[in-house]
Structure formats: structure tokens, C-alpha cells
Amino acid sequence: MKHSLNTATSSSSVLKRTILYLVLISLAALVYCDDDYYDLLGVSKAATNREIRQAFKKLALKLHPDKNKDPDAHNKFLKINRAYEVLKDEDLRKKYDKYGEKGLDEQNQGGGYQSWSYYRYDFGIYDDDLEIITLDRGEFDGAVNSGELWFINFYSPGCSHCHDLAPTWRQFAKEMDGLLRIGAVNCGDNRMLCRSQGINSYPNLYIFKSGMNPVKYYGERSKERLVNFAMPYISSTVTELWAGNFRSSIEDAFSSGVGWLITFCSDTGDCLNSQTRSKLAGLLEGLVKVGWMDCATQGDLCDNLEITSSATVYFPPGSTLTDKENGDVLFLNSLDAREIYKEVLNHLPDLETISPESLQGKLSHHRWLLFFTFGTDEQSSLPEFKKLTVHLRSEHVQVGKFDCYSSPSICSELYIHKPCVAAFKGKGISAYEIHHGKVQLYDLVSFAKESVNSHVITLGPTNFPGKDRDTWLVDFFAPWCPPCRALLPELRIASKRLFGQIKFGTLDCTIHEGLCNMHNIRAYPTTVVFNHSNIHEYAGHNNAEEILEFIEDLRNPSVVTLTPETFQSLVRNRRGDEMWMVDFYAPWCGPCQALMPEWKRMARHINGLISVGSIDCQKYSLFCTQERVNGYPEIRLYPANINPQHTYYRYTGWHRDSQSLRNWALMYLPKASFDLTPESFHEHVINGKDNWVLDFYAPWCGPCQNFNPEFEILARAVKGKIKAGKVNCQAYEHLCNSASIRSYPTVRLYPYNGSKKKDYFGEQIDSRDAKEIAQIITKRIEAIKRVKEAYNKDEL
């Protein structure tokens, strides 16, 4: 009996262990059931947008249902398409990296895809061209505002003329590489960007240069015509040398440490033509002077220089022009601009190498861009980097190299353990920032200019902010993380706007893992404000304006943090004319975290109209249960003038961005504008003595529906001074035709200037922003008032 009991007990124990094992396997399957988007595309988390596009295209051609007979091909392709749609978008990628797929639940992405032929022939047409930079929404502004000269091709993947242009654009890019930046924008992927630039047909080619409006190219789309169009915008000076200016021109350049590249044109042999000379002057601008001499008219001078036939020669500073046997003088046999350019660059002196003894002094008094090397480093010795001194001269930035083997302790103190580039701001060795982007000429130029003029520094254990220090914004990041790299330029912009108020620093978590663990950093980038003992994590988009909004919100909170008690007193017992919006959330909930910056932004937009609060359902779980909150985030609106007071409306919209939430909330505000009929329009607007602003709309018009809440805000903003009315042009078509309304919505001002009858057409207002419209019409009414007062004085 005892044996049987033990056997039964043993069997029961085995069964329990088996069940537990199966439960654990099931839980593991649930945890890992979501496919990793990076794995689906076969890319690393450090992949660039170009690499993501290339990987997706390769998979699309292989797995597309048009070519793949797998019964499940459609669903499989939807998965990789979803992965691509998320990872190509900077904001969605950041959310995915931080919260996983749950952070994307509100996003309607990846529901469809294009045909196989689209991916084969139309998708990413410039991704394999190194000379052409494909610019996305997040890269465009930085590129055209960098100070560099850009020629950009705005195209659409389905446009046949765009595909016809592609081979020519590639040839043009190769020929002009180094003279200007060649870009391409896919308007199929970046519709809003192209619309903001006024692009409504394809292809559209524009020159962008700092200090001038974009210039559109209208000519024939041939390489020669494109080159001829671009050349005048390239800064280049070619000097014709002759007996009257030869000596002074040479001596002035040599005294400044600049050499001369001179092509001598004689009756025999070949010299460089005009366009080649101009290209070389552009390529070598600031490094070498470019000139030419006509030996047919300057025969004596050419004889003195022992020039007997056409030749192209580089004379370094200090060289003797008549001593051409000198090894420093370089004779060039090529007639190709790029070949000559490379030879001359190789002949120029290398960047200055800084000694350990002089480093501290140099960094204390001057701005520097330094290449940190470990012995011989081919990358820092690239001839093209000699141009950095020219590009950074206007910012008073010097360029040099420091070999960490010459003083390992210095590099160790800076936490530099591998070759890198750093910008020092002229305030000592601790005020620096390390470059984490591509080590290419124009990327380094942009980084150096941004960094030395901003107030972001690299942090480590010795200078990490403590509790008793100033307010700091610290960006915890990893260099391999693309959203992290995209955030850095935005931090620099924000640091300039908040200089003297908040200090900015970055901490590399791949180097300072202990510090990052101490602050519970689990995703990159994580941006935190340390305000003495208070810590606030930023959860917005990677742009300076939203960072500034976040800081302003910390100073002047737009959202009330509610407790069960304050919910009762402020929301439940609100005044009859008061409205509240409340977000019921849990701190661990990914969609809740993604909502928070949008929630705060919405609160600022409706400040003074609707009160906004939030309540932590993890902290007050019993209260949320009593309020029947069953999921997070739960957004509720408690309206005005409704009994009982616990009545609310629940937001069920798909999009949780600030604009969508704002528009939804404003629908519940009591209407401040008047609906006008033809009769009331004539009686009150045309023949009345009030100032009116009118919105002419059609009910079926999407932009009209979006503008409606904005117009209601306007009506409240000008209440008491200007009356606001709406005219339904579907119901009153004749009235709108008589007022020459050609599109919807149309905003018109009808000011009263003392005459018996107003103009039927009013004054057009070309804006859909309530604040801007209010400013425009207020100024106009004040101007009319001043004219009337002046007229009355004259009458007296």
C-alpha cells in the first residue's frame, strides 16, 4: 500500500513537472512569437536607410508573390513589407527599437505592397550610386542648410521620364563629384517633403545654395547641359596671368602658403580648356590658385620660364618657377580634371600632427577638429581630408592629427580606444564631442561646424552630472544606433537655443556601460533631464523643436497629474462650463509611453479651452478599476454643461497623434462661430456694422473638416472684436459663386470701414493657422481704425 502511494505521488510529481515544462515552453513561444524586423530583412540594428532599402529590394525580388509559388507567399511578404515600412521611418524605427511591435499598435503600416516589376525596375533607383545621396525627410533639411552646394533630383518611381534621366544623372554625378553634392529625393516615399518644396511634376531638378532661393533647371536633360547649368554656381576663380600681374599674383599666394597650378597654352602641345580650368579651380578652391597663360601673347614671359610647348605645372609655395628640376615642382601630363586634382592633392602637405606637449595649450585657445589615430592610419591620411582646412576656415577651426601611441594616458582619459574624429570647442581638453557618422569629407565638415558652435559635450564618469549640479540634458546612446545618430544634430540645435539655461551632454553606453546600467537605460537613444534630484525622461520625436517643447513643459506643465482625490475635485466636480480630457495610463505600457509626448503637445494646443490631465493606473489601480478602465491608454473627455457630471466620451480613433486628439476634443466645445444663410450673410455681413471673418466650406471637403476646429479656435480668439461665420457652399452654391469662391476652405475678412455696404468679395486670407489668421485680421482692423481716426481729425 505504501509502495503504491509513493508510486502515485511520484507519477503526480512527474505530471506536474511536465505540465510546468509545457507551460514554460508556451510562454516562451508567446514571448518570442513576434518576428524581429531587423532579422526579417537580414540587416543589423546599425543599418543605414540605404542598406535597409537594398536589403528589402533583394528580398522583394526573391519572395514577391508574383514570382514565389509558396501558398503562404502573400503573408510572408506582408511581414517583410511591414518591417521595411517601420525601419525606413525614423520615428517608427525609434518606437520599435524602444517598445517593440506593441509601440506601433496604433500605426496602420504594411497593409499592402507593389508589384514585382515595381521593385525590380522602380524601387531605389539610385541606391547603388555612391556619388548620388538619396535624401529622406530627416536628411533633406540638414543637407540643404549645410552651406554646401547641392543639385537635387526630385523624382517619382513610376515616372518614365525619371527613369530616362537616371543614366544621365549618374554620368553627371560622376563628372561633378567633388564640385557639388548630387542628391535624389523619392517623392513616392516623401510626399510631404516634395509638397513642401512645391514639387508637383517629375523629374524636377533644383540647385540649392546657402543664401539664395532654390533655382530650377528647365533645359535639355543631357550631361553637357546639366554641367553648363551647374558650373556658374560653383565658387571658382581662374586667373589669366600676364606680364602685368604675374609676379604680384605669385608672390601674394606664396606668402599665404598657397601654391599655383598653371596651364601654359602654346602653339604646340595641349593645354587645359576653359571648363577643365574652372572645374579644377572649384575642386582646389582655397588650397591652390589656378591660372593660365597664353604664350602666343606672353612670349617673352614664357621664354623666361623656359616654356617651349603647352604644359600644366603645379608650383608649391616657395618654389622657384625657373628651377623646374626642383622635385617640389609637379608636371602634369593629364588633361582630365579629376586626375590632375588627385595628383595635386597628393602633392600637398599632410595635416599637422599634434604633440602631447602642445595638445593642452592648442585646445585651450583654438577650435580643433582632430583625427585620433593609433600608429599608421590610412583613413586620416586620405588626400581629400586636406580640404577640411579650407571648408572650416570660416568657422576658425584648425585641423590636425594626434597619435594615441605618443601618449596613451591622454586618449585613455578621453575614453578614446580606437581611431575616431573629435571636435574641440576651444575651451580645453574636456570640452569636446566625438563624431559618430560617416568619416567622409562633407560629413566631417557638417559635424565640425555644428559641434563647435553648439554646447553639447561628451560625458564620462568624471564629468557626469551629479545631484548638486546644474540642470543637464543627457543623451544615453550607442554609436551603432541610427536613431541615436539622427538625434545628435537636433541636440546641438536645442543646446544653442537653451544656452545658459540647461547644459547638454552625451554618454556612449558602449563605453560607459556601468553608468548606463546605474540609470536603468534599456533602449537607445534615451534622453533624460537631470534637474537636481528630479529625473525626467524624454519620449518625443528626434527633433529640436519637440525637445524644446519638452523642456518648456517641465517648466510650465501643460498636463495636470491627477490623483483619485484631485480627479474628484477637478474633474468630477468641475464647473458647468469646464471640460476635461484625461489619459488613464500605466508606466510599463509601450503605447502609453508613445502617447505621452503627443498628449502634452495636444494639451499645449488646447490650453485655455480644455483642461488636460493624466492618472497613473499602476499607482491607483483600485481607482481605475472602479472607473472601469479596462485597457491602456484609455482617453476620456468629460464635457461641459452635461448632467450627470460623470458622463464622458471615450476616444476610439486609430491615430493618437496630437493633431488627431486635438481635433476630436474640439468637436465637443460649444460652437463659437455662426452658421450663415444668404439672408443673414446680406443682413449682418454685407449691410451690418461689425467686422466679420468667414469660412466658406463644403461638407464633403476633407481639408474643410480638418480646418473646422482651427476656425473655432479663431472664433474664440477674436470674440468680442470680430465675429466669425461659416458658409456652407454646398447648400448655398449661388452665394459662394457670387463671392467668387473657387476652392475650399476659403477664409475671407469683411471689415467695417464706415461705409453703408461692404465689398461682396471681402479680403482673402491665405492661411489655415488660427493664430496667424488672428494676427493678420487684428492688424488689418487696427489699420482701418487708424485711417478712420485720422480722417475724423481732418474733418474737425
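Just so you know, glycine gets a Cβ as well, placed from its N, Cα and C.
Look at Swiss-Prot and you will find 1-33 tagged as signal peptide.
The region 'Trxb 1' annotation in Swiss-Prot covers 236-351. Counting residue by residue with DSSP, the region 'Trxb 1' (236-351) contains 37 helix, 25 strand, 54 coil.
The annotation region 'Trxb 2' is assigned in Swiss-Prot to 349-464.
Look at Swiss-Prot and you will find Asn531 (among others) tagged as N-linked glycosylation site. Annotation for Asn531 (N-linked glycosylation site): same-chain Cβ neighbours under 8 Å, separated by at least 6 residues, are Thr471, Leu554.
Annotation comment: Swiss-Prot describes Asn753 (among others) as N-linked glycosylation site. Within 10 Å of the C-beta of Asn753 (N-linked glycosylation site) we count 12 further C-beta atoms, all protein chains included.
Taken from Swiss-Prot, the feature motif 'Prevents secretion from ER' covers 793-796, and the record attributes it to sequence analysis.
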